[in-house]
């Protein structure tokens, strides 16, 4: 379709939906204003893509602790702060101090941006959280193009950070800029909290949120995050829950040095053999976790929840093909979604100290460390899971009568998060999606962990919603990460419509 015809059709659809009271509900937004905003976004989409290109070009890698990338992170945060100031926002860049690394070096932590637009007490206040740091990327790792040069191919915008999370952050800013450019009052007060260390664990962010809960966050009514993906390529979604994560290491040690297998093979309790037995005791071939009691606190399945899964659009064949997997553990859409979202899973990640180079090295490792994690779901408790896993591994190890020493450690414990989908902003997000996309959204959870959601909910005590913009095949954290131009531009319209819906419902 000709792009101009597409823009006209989108505008016409919005107007018809609104003039008729909407296809899906009896409410109506101001159609003339919405049409003007949508038209502005369509006409300026190339500028929005150019800005994304400029942001992607900044190598804001927070994972690799080297000075060059830290300098890039600081530059990225400065560019974002300047962009918000040009929109008229009151911007504060909060000094976050420095990060002490295990090797003894210290690196500065990039500032967190706190920005405010509007303080009308009659309006609702929506706070948007985003991050501008990215995962490492190198063209030699399998990228088809330079990861830091945004490249458009067939409507797909390839580049590191395009979907995670620079594109969604800019979509929110673009939506604000549309109202500003049209000299229209913002329908709601807007606040931003933007960080540069999310991919490295949001260093020091929790302390800042705690400190600001009665200041910056005092007037906030709702919190929006756009840092995950749809479950399909074309149908939008709203996310109301994420799994937690307990990450474990299990160390088995005989001595500090390795052994020669010709000299010692057959007369030792080999640490690797012990470790393989321990890891093999954790989960069976059907994905069922074998740790006693692990499922005891999992929330019971309700009929309403089952119906939610049935309503979600998921083409299993497309999902399997795009994942490049021959067969999943389960055959139905409902089973797959439930085991991704509402049941715990255990994954074994690797073994430290093992020989993993090419060639044949006849070594017996003297000390090995296995790494695995459990994705937690409501109402599992991190400390209870830690005790259950430790007890299980100690029992398995004791039955081997090994002379080696075993130590189990939980290095990370993040709780699951779930929200009330009847909150005002969930209704507003649904209505905005109907207006922009002409369809009901998939109501989904995310199988991964987004710690900031639980942090905001527990510290700020405000409703949190995840409104993803990216398609399921965007490949965040992977080679050839992308966001579709359509998702980026329609996502900008979605946020604009969301502002207006929040104004009506607040």
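Backbone N, Cα and C atoms are what each Cβ position is placed from, and that goes for glycine too.
Predicted automatically and left uncurated, TrEMBL annotations should be read as such.
Fair warning: this is a prediction, and the values are worked out from it, not measured in the lab.
In sequence order, 60, 61, 62, 63, 73, 76, 110, 195, 196, 197, 198, 199, 200 are the residues near residue 133 (active site), counting only same-chain partners six or more apart with C-beta under 8 A. Marked as active site by TrEMBL: 133.
What TrEMBL records for 198 is active site, proton acceptor.
Applying an 8 A CB threshold to same-chain residues 6+ apart, the list for residue 131 (Mn(2+) 2 binding site) reads 165, 169, 194, 195, 196, 197, 198, 199, 202, 227. According to TrEMBL, the Mn(2+) 2 binding site annotation covers 131, 164, 227.
The Cβ of residue 477 (Mn(2+) 1 binding site) has 135, 164 as same-chain neighbours under 8 Å, each 6 or more residues away in sequence. Residues or ranges marked as Mn(2+) 1 binding site in TrEMBL: 164, 199, 477.
Look at TrEMBL and you will find 241-398 tagged as domain 'Peptidase M20 dimerisation'.
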Exercise for the section: Mind looking up the mean pLDDT for the domain 'Peptidase M20 dimerisation' (241-398) in the predicted model? Expected result: 95
Fill in the blank from the handout: Surrounding the recorded Mn(2+) 1 site, with Cβ no more than 8 Å from the Cβ centroid of 164, 199, 477 and those residues left out, we find 134, 135, 161, 165, 198, 476
Exercise for the section: Around the recorded Mn(2+) 2 site, report the further residues of that chain (criterion: Cβ within 8 Å of the mean position of the Cβ atoms of 131, 164, 227; site residues excluded), sequence-ordered. Expected result: 130, 165, 168, 169, 198, 199, 226, 476
